[in-house]
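Asker: Take a look at this one; I'll ask things after.
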Ligand SMILES: Cc1cc2nc3c(=O)[nH]c(=O)nc-3n(C[C@H](O)[C@H](O)[C@H](O)COP(=O)(O)OP(=O)(O)OC[C@H]3O[C@@H](n4cnc5c(N)ncnc54)[C@H](O)[C@@H]3O)c2cc1C
């Protein structure tokens, strides 16, 4: 008898994290990843990749803490280490990022719920704040920055299939379970009217002298030093599907970032990029049973992470793996009793 066959739709950070988690935790399953766009053409590739917690109204604080803890236990580091990669290749995917998040007004809650999961959280000193004369308050901490343009190809050493899925029914003959990580594609793929784009435009500049990430508290302006370049942002335009670079916005971003960090005025612009954050009021991480031609086909959804997809990737992938396990309970047991095919 065959192993349990699982299709994961989507090759962004949500799809790859889910596929790797399932393949590693449930070895009696075979996992195939199906998508029409792979790295470097997914939204995930352009993400600044900063692991920074956000709140979602439909998710309890305790569950959010569990999800964020996956990163703050430096899951990526553990995985890279167990893959026995040399240090140079490990540094290609992720680095620690000393960070300043600054506020024009002192926030009501000075110590956010995620403060215990980042490294060395503290309130910025007056000396540090003197660099930002228009800001009154700030958080200082160290978090992880993940470079998806090399991280995704690293994850891609799993079985993959390049094609567009027009309807989940296409997969039902060949797979026992489908994991849907199609991001904004879920709007047409599963008819979800609650998923919408939040457009983000960024510049990549050469400024190797910068080490600290600086983020204006509302997330409208940010400077994220990465491994190969520094990402300057940004924009957050709800419902805007434009994928081309807007000249005026690019100039505005450069001006705002240079006001926060004047040395950026001499930085060389390496590139510009626009991405659509696959947004939803709350990410959809749940199971469903779909009826197709008289058969009950299990589906697990994992999409709608908005501007936090890199941050949520490992935590939600572990949730997906548990939902897959629940869905397949009986089948998994049968598969385990059989010799591997
Ligand atoms: C400017 C910007 C900066 C960001 N910075 C950060 C950050 O610092 N930290 C952070 O945590 N997040 C950040 N994000 C958010 C992050 O990029 C997203 O949340 C994340 O990329 C979503 O990942 P995903 O895998 O769900 O979707 P995607 O990366 O969009 O992948 C979707 C996949 O599904 C496939 N697909 C869709 N429909 C179909 C179909 N019908 N058939 C076959 N395949 C299909 C696509 O081809 C693709 O492979 C940022 C986003 C932007 C735009």
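Indices start at 1 and increase along the chain as displayed.
Cβ coordinates are placed from backbone N, Cα and C, and glycine is handled just like the others.
The signal peptide annotation in TrEMBL covers 1-19. According to TrEMBL, the feature domain 'FAD dependent oxidoreductase' maps to 5-320. The feature FAD binding site is assigned by TrEMBL to 36, 37, 43, 44, 165, 306, 307, 308, 309, 310, 311. What TrEMBL lists as D-dopa binding site is 222, 277, 307.
I'm curious about the neighbourhood of these features; can you describe it?
Answerer: Within the same chain, residues 26, 28-35, 37-39, 42-44, 47, 148, 151-152, 155-156, 158, 160, 165, 168, 171, 174-183, 185, 189, 302-303, 305, 309-310, 312-314, 316-317, 320-321, 324, 328, 331-332, 334-335, 338, 340-341 sit at least 6 positions outside the signal peptide (1-19) and bring their C-beta atoms closer than 8 Å to a C-beta of that stretch.
For the recorded site, residue 165 (FAD binding site), the DSSP three-state label reads coil. Within the same chain, residues at least 6 positions away in sequence whose Cβ sits under 8 Å from that of residue 165 (FAD binding site) are 9, 34, 36, 171, 182, 189.
Cβ neighbours of residue 307 (FAD binding site) (same chain, under 8 Å, six or more residues apart in sequence): 54, 198, 200, 219, 236, 277, 279.
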Asker: For the D-dopa site (222, 277, 307), what does the 8 A shell look like? I mean other same-chain residues with CB within 8 A of the CB centroid.
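Answerer: Leaving out the recorded residues gives 47, 48, 198, 200, 219, 233, 234, 236, 306, 308.
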Asker: Using only the residues recorded as binding FAD (36, 37, 43, 44, 165, 306, 307, 308, 309, 310, 311), report the maximum Cα-Cα distance in Å, whole number please.
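Answerer: The two farthest binding residues have Cα atoms 26 Å apart.
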Asker: What is the interatomic distance between the Cα atoms of residue 222 (D-dopa binding site) and residue 309 (FAD binding site), given in whole Å?
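Answerer: So the alpha carbons of residue 222 (D-dopa binding site) and residue 309 (FAD binding site) sit roughly 17 Å from each other.
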Asker: Let me make sure I understand the span of the D-dopa site: among 222, 277, 307, what is the greatest distance between any two Cα atoms, in Å?
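Answerer: Between the outermost Cα atoms of 222, 277, 307, the distance is 16 Å.
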Asker: Please report the three-state DSSP label of residue 307 (FAD binding site).
Answerer: helix
